[in-house]
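As structure tokens, the structure follows; a few thoughts come after it.
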There are 2 protein chains.
Amino acid sequence: MTERILVNQLAARPDGPVVVSGWVETVRDQKKVQFIILRDETGAVQLVNPATRPDPEAEQDAAALALTDAISNLAHGTFLTVTGQLKHDERVKLGGIEIKIGALQIAAAALPETPIAADSSMDKRMDWRFLDLRQRRNNLIFRVSTTLEHAMRQYWVDRDYVELHTPKLMSSPSESNAELFALPYFEDKTAYLAQSPQHYKQMAQAAGFGKIFEIGDVFRADPSFTSRHATEFTSVDAEISWIDSHEDVAAMQEELLAAAIQAVKDKHGQEIAELFGVEVTVPTLPFPRIPLVEAHEIVKARGYEIPRTDGDLDPEGERQISAHVQETYGHQFVFITDYHPEIRPFYHMVDPATGLTKSYDLLFNGVEITTGAQREHRIEVLEQQALAKGLKLDGLAHYLDFFRYGMPPHGGFGMGLARVLMLLLGEASIREVTFLFRGPTRLAP
Amino acid sequence: MTERILVNQLAARPDGPVVVSGWVETVRDQKKVQFIILRDETGAVQLVNPATRPDPEAEQDAAALALTDAISNLAHGTFLTVTGQLKHDERVKLGGIEIKIGALQIAAAALPETPIAADSSMDKRMDWRFLDLRQRRNNLIFRVSTTLEHAMRQYWVDRDYVELHTPKLMSSPSESNAELFALPYFEDKTAYLAQSPQHYKQMAQAAGFGKIFEIGDVFRADPSFTSRHATEFTSVDAEISWIDSHEDVAAMQEELLAAAIQAVKDKHGQEIAELFGVEVTVPTLPFPRIPLVEAHEIVKARGYEIPRTDGDLDPEGERQISAHVQETYGHQFVFITDYHPEIRPFYHMVDPATGLTKSYDLLFNGVEITTGAQREHRIEVLEQQALAKGLKLDGLAHYLDFFRYGMPPHGGFGMGLARVLMLLLGEASIREVTFLFRGPTRLAP
């Protein structure tokens, strides 16, 4: 391995020889002195070279001439390794250190014209996502994501959850017949891409796994162009047995999120504040809960009339509720509970006392990030609920079989990873926080 | 949440009232006494009930009669919750404890006829995988998998790797045009399912991410029916910048595997020995390395003639080499190195000194689990190598663009999670260690 020193470790080292590797962020090619700002995944450092310009009248060092010439010709983005002398110098604005270049070895030179700039349109930036991701704030997004995910997994592993990888190729739709990608499979069969791991995380309950989680890809042939939708996204899912109601799921999810956001704040809080202007807030427990009917009253009292007639909230309604919760409880999260079965999937359990589902949506800073529920585990009731939605039991045959040989009461949630990241960092679109976004008109690079 | 006590925590509790939940593994319905073996995700416990049989001549307790009757009618697999009195009793073979049943609440009754038994054919067991997974050893497989994965992620997170979720929907093949699933996308486009995250983990190097990993699904329209192939599987991938050769990748991977297997041994070693008859061995570092040419000589000297003519090893050759390594070095792992470019993808770097690729395969107990390599990062060389393989640069346009604006030297590996689990547990097929296997004739449940 090249014995390079990461840029963020230079300040702690004494003056002397060092090797650094990274890419050229800028070159200042002055007549007498040349500066390179070199960036790696941990930071940026200034490199300096006293220029040796050709002078027919002087005796000159060929190597020094060549080095000066090489630096003059460096394109932004070129990856290189520099051997040089580290010097601490308070006058250097960038971290108070500088490296005097000894030798410079180009790994791969960049074309001289960079196709995008930091202020290019989002679509153009997505065309050249690998260059866009060189920005420090974009790099930070994925370090935050890594920390967030790892903290969630740690929470679950500490509590003996089993991590699953459920199949994405299925013989029948996992959620609904809408927004479904289909593909030819072997022997003239048709396969469908999983819209969620719903069937299989429930299957794990029938298998007696008790508590499971999965962080994996799901697919929706969704023609939307909103800031919150994608045709492929990372879904964070959990499912647990022996619950009394959706409240047990909500209690787990709020603890999970508090632990994960705490980990992000501890590791990246300062850098997030610097690069995103956002103070990471660890949510207090429990999160506020508001029944859907009450939510409607609150939104109405704030002067907003929800246009949809099915009883669900719309995006502006969600923003209004979150604003209310922020003003009233100083909280960024709120569980909306007690949805009518008409606006929920057939597999949500209905509370006989109210006729409403034992389910919730979780809003974070005005956007829905989760649906959670207790599932109906009694096969007779489940079949009735499916039929009441106009579904054909044939298409659900494999799923329904899971319930015929014993099933514990259970429930869980699914959460969009990109939505959580977007809202945590105050970004405007999930496109900004997805490594490579996929949408109806976006399948490359 | 139901205040159930997990079965593996009962032994440490004093005699007295307890609540347990799980499924019925067996019922022994004797005339005077009834026994239920109840299993949950942590173990099994014996429940006992002194039977009250109808006797027209005696005055009898209706509740006691009903309880006895309910137990007599319990089907295997039924999930239930039992409230009762825990009693420590050395005479009870199953853990020295017993619960006298007070009340019994059925969550969901199983149909009386279970469609499979532990000795059913693999195909039949896969039809009813959720029942098959109730077996203790099958449950353990996924707990081992959880520990293995978490330990790998911990290794990477401790070293500042970034976790990625690369897209599985692509506009062009990620590896080759063979074994490719294609599907209609929006606006008459065709999408391909990723065969590996190869393109994108390299893109992350161009993006300056430095070190990345991904554990995610990949897809191969592979018509094979071997014990090692699937049409969808979980791939463990890593990619790192600023390497000198594939040796830097191999050094990381062997450390990673040693750490992960150590974690499995620590947490599950005893149970694996009991249920799989396998002693988990933490591999010593470094793993043995054998150049491919030498491997051929070793196999030949052992009396096996490899039938394939392209110079690669075949499955029997791999077993022979692993047997040799086990006999010679007492090691379960071996890196086979120095493959000829003809049997490697175009993006492997060629060592000009030897004309061979800077790549390796890693064998574990006789089966290939990984290909690793330094990648060619110089665009001119990369294009030449692609053309030499007969590839059209058009189809690789997005991938090749990643190399035009600067790229560090880099390399990585891809590893099949199910293969590692299969070999670690001494199982005969990846089907046994995959939650839901997918193959040419297997798309459900």
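Backbone N, Cα and C define each Cβ position, glycine as well.
TrEMBL entries are annotated by machine, without manual review.
In TrEMBL, the annotation region 'Aspartate' applies to A:198-201, one of the ranges A:30-33, A:86-89, A:198-201. Together with A:Glu175, A:Thr371, A:Arg375, the L-aspartate site in TrEMBL holds one more listed residue from A:Arg125, A:Arg129, A:Arg220, A:Arg419, which is A:Arg220. Binding of ATP is attributed by TrEMBL to A:Gly416, A:Leu417, A:Ala418, A:Arg419, and within the candidate set A:Glu368, A:Glu376, A:Glu380 the record adds A:Glu368 to that site. The C-beta environment of A:Arg220 (L-aspartate binding site), restricted to residues of the same chain at least 6 apart in sequence and closer than 8 Å, consists of A:Glu179, A:Gln195, A:His229, A:Ala230, A:Thr231, A:Glu232, A:Phe233.
Closest in space to A:Gly416 (ATP binding site), of the binding-site residues given as A:Glu175, A:Thr371, A:Arg375, is A:Thr371, taking the CA atom of each residue. The Cβ of A:Arg375 (L-aspartate binding site) has 25 other Cβ atoms within 10 Å, all protein chains considered. Among the listed binding-site residues, namely A:Leu417, A:Ala418, the Cβ with the most fellow Cβ atoms inside 10 Å is that of A:Ala418.
All protein chains included, A:Glu175 (L-aspartate binding site) registers 17 other Cβ atoms within 10 Å of its own Cβ. For A:Arg419 (ATP binding site), the same-chain residues 6+ apart in sequence whose C-beta sits under 8 angstroms from its C-beta are A:Arg228, A:Phe364, A:Val367, A:Glu368, A:Ile369, A:Ile430.
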